[in-house]
């Protein structure tokens, strides 16, 4: 086992503090509308330019192992805030830095670290409760656009695009961000339910110019088995032909004689028909077929349920206003499903998603919700160069997370104002002893840090502006972009409550652990021994001396 280096007390804490400050100083220059960029060197390709706090934090590794331990613990703050709300990483880092610095000063002055931590925790619980009281719902497009704009670094086009996407696909819809091919940002919206399965034969195509199949008011047959025998299909084909409507078959597979007969019937105009494979695999396929059944008010013909394809009737068929099938995708538009059944199915999938443990499962369940409840929107980010593209895509993703958080828990005044107000509201909070009271004061002081940093990055004097904002009331704050005081919500400077809450909670949690550190242990660096393997090589010419 390798030898260890052990440090105690102030010696350990001062090293840890140095690491915390190096990382926080690198991250906090990005905060606010006038925050600067950070350039990150990459082992291959061009450097990455970013204003995203967590991207900067992830790059920091320090040579001194004790300092690095401090930096890595602070990195956890940014990472946790990012996982919880998708934004607020820089705010969380600034809060944690302030709590650690002020807390360690108090420890050096003889305060009890455990009581300090209890005081900090008490202050945060009080502050979170007050934050929730200040929060206002964020439901209209205007406030969603404002949140998106602030998070995307005051880029109004991004905020507007996100608001437009949310309006079209709903709060449950899936919005993804991709790299575009042009200079302009674009929004593509797929309405209805779309899945990644195309037509099984090009002979089904009835729109040759678009190489697609379009079926108006079709019946939809859903089966979880392979269909290869046309005899099973004959009764339903005859019923559909009599009804004079087209038919879409979604099954595990349609092959051989069955597929050939369908193609011939379609080409002769006896019955307008198309067939596609069911989406997904295994249990997920069964679940998605059930989703389509509920969306179209149909029944999945499944032998597990005791249903037989030969005995199926038009009552078992689903229906939709329109279906469009391309080589790769099938889109069902305006299914005739019962709204209350769809919403209870959405609730059921949401519950499954909350209980799911893997991110992949959560993502797939969220996609199913989106396909049932709204649709899918794709924001295509445009930029002139690859470096700009990466930076902009990261900003758009941040803005998207922030708007989702805003819709979930509402918004509070931005620009660090909400934290100043809640710090003021817990001014009368008291702990069980004086050391806990100091902890409460440390947390309240830290709540001013984001505003002070935003002001410092804008080149103004933090103390003067912080005191003016503290003297104000409600949503009155300082707009660092325009350098004016006013109502932050009226000026469109909003922060999602969830982002502010997560930043405060994670900062206090990890900073509290750092304050209570008394000993740090790390591996001693291994000494490189000189390579002596070639030392005797020069003696070869002495062989004749004997």
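Using the three backbone atoms N, Cα and C, a Cβ is placed for every residue, glycine included.
Swiss-Prot has this to say about the protein:
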type	residues	note
BINDING	30-33, 51, 87-91, 415, 479-481, 495	ATP binding site
REGION	526-546	region 'Disordered'
COMPBIAS	535-546	compositional bias 'Gly residues'
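This view paints the features noted in Swiss-Prot onto the structure.
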{"residue": "30", "record": "ATP binding site", "CB count, 10 Å": "22"}
{"residue": "32", "record": "ATP binding site", "CB count, 10 Å": "27"}
{"residue": "51", "record": "ATP binding site", "CB count, 10 Å": "21"}
{"residue": "88", "record": "ATP binding site", "CB count, 10 Å": "32"}
{"residue": "90", "record": "ATP binding site", "CB count, 10 Å": "28"}
{"residue": "415", "record": "ATP binding site", "CB count, 10 Å": "26"}
{"residue": "480", "record": "ATP binding site", "CB count, 10 Å": "24"}
{"residue": "495", "record": "ATP binding site", "CB count, 10 Å": "29"}
Three-state secondary structure, which DSSP defines for residue 90 (ATP binding site) | helix
